[in-house]
C-alpha cells in the first residue's frame with residue numbers, strides 16, 4: 001500500500017503535472033513527506049503559494065526574441081513607463097539611465113505646460129504661438145532684455161539647485177540652501193524618489209498622499225499610478241510639440257490644423 005501510494009504521489013509530483021522542477025520541488029517538500037507513512041492524526045496540510053514575477057512589458061509585445069532591440073537586458077521594468085525601448089543603448093550605464101529619466105521627466109513636464117499654453121493662448125488672443133512675442137498688441141510690461149535676464153537668473157538658480165540635488169539628493173532642502181530657512185522642510189523630498197518630491201509644497205492637493213498632524217504621508221500606490229500616467233502624457237506632449245514645430249515651419253498652427 002505504501003509503495004502504491006508512493007507511486008501515485010510521485011506521478012502527481014511529476015514535472016508534467018506540476019509545471020516544472022521548481023513546482024515539483026515544492027510539491028515534494030510540502031506533500032510527499034507528511035503523507036507517506038504518517039498517521040492520519042498527525043498529518044498536516046501545508047499550502048505554499050509562490051507569487052510569479054511580473055513579466056517585463058515590451059514596446060513590441062507581439063515580437064518574441066529580438067535581443068536587446070526588443071528586450072534590453074539593462075532595463076528591468078522598474079521605472080514608470082519602462083517598456084524596454086532603448087534601441088541606441090543610452091541606458092546601459094545606470095548613472096546615465098538615471099539622468100536620462102530625469103531629463104525625460106523635466107522636458108515632458110515643460111512640454112505638457114507648453115501644449116496647454118499654446119492652445120489656450122491662441123484660443124484667447126487669436127495670435128499664433130510662434131508670433132505671440134512679436135505681435136504689436138501683445139502685453140509686454142518688460143523689455144525683451146529685462147525679461148530674458150530675469151528668466152536666466154531665476155531659471156539658472158532653480159536649475160542649479162536641481163543639478164546639485166541630482167548628484168547629492170536631499171541636499172537642497174536644508175536651511176543654508178534656501179533663503180527662506182523657516183520653510184525649508186516644505187522642500188524636502190517626502191517620497192524618497194528622485195523627481196517626485198511630494199510634500200505640502202509640491203503636492204498641495206494631496207493627489208499622492210495625505211497630511212496627518214501636519215506631516216505629509218505619501219501613498220505609494222497612488223504615486224505609482226500617477227507616475228505612469230504622467231510619463232505617458234509627457235511623452236505624448238513632447239511628440240505634440242515636435243509636430244507643432246513642423247507646423248510652425250509651414251506657417252500653420254495646431255488650432256488651424258484642426259480647422260478651428
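Backbone N, Cα and C atoms are what each Cβ position is placed from, and that goes for glycine too.
The model shown is predicted, which means the values in this text are computed figures rather than measured ones.
As given in TrEMBL:
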| type | residues | note |
| --- | --- | --- |
| BINDING | 104, 230, 235 | chlorophyll a binding site |
| BINDING | 107 | chlorophyll b 2 binding site |
| BINDING | 109 | chlorophyll b 1 binding site |
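Highlighted in sequence order, 81, 105, 108, 231, 232, 233, 234, 238 have their Cβ within 8 Å of the centre of the Cβ atoms of 104, 230, 235, the residues recorded for chlorophyll a, and are not part of that set.
Maximum C-alpha to C-alpha distance over the listed chlorophyll a-binding residues 104, 230, 235 is 11 Å.
With a 10 A radius on its CB, residue 109 (chlorophyll b 1 binding site) counts 15 other CB atoms from all the protein chains.
When Cβ atoms from all protein chains are considered, those within 10 Å of residue 107 (chlorophyll b 2 binding site) total 15, not counting its own. Cα separation, residue 230 (chlorophyll a binding site) to residue 107 (chlorophyll b 2 binding site), rounded: 12 Å. You'll find the Cα of residue 107 (chlorophyll b 2 binding site) roughly 9 Å from the Cα of residue 235 (chlorophyll a binding site). The Cβ of residue 104 (chlorophyll a binding site) lies under 8 Å from the Cβ of 231, 234, 235, each of which sits 6+ residues away along the same chain. Counting every protein chain shown, 16 other Cβ atoms lie within 10 Å of the Cβ of residue 235 (chlorophyll a binding site).
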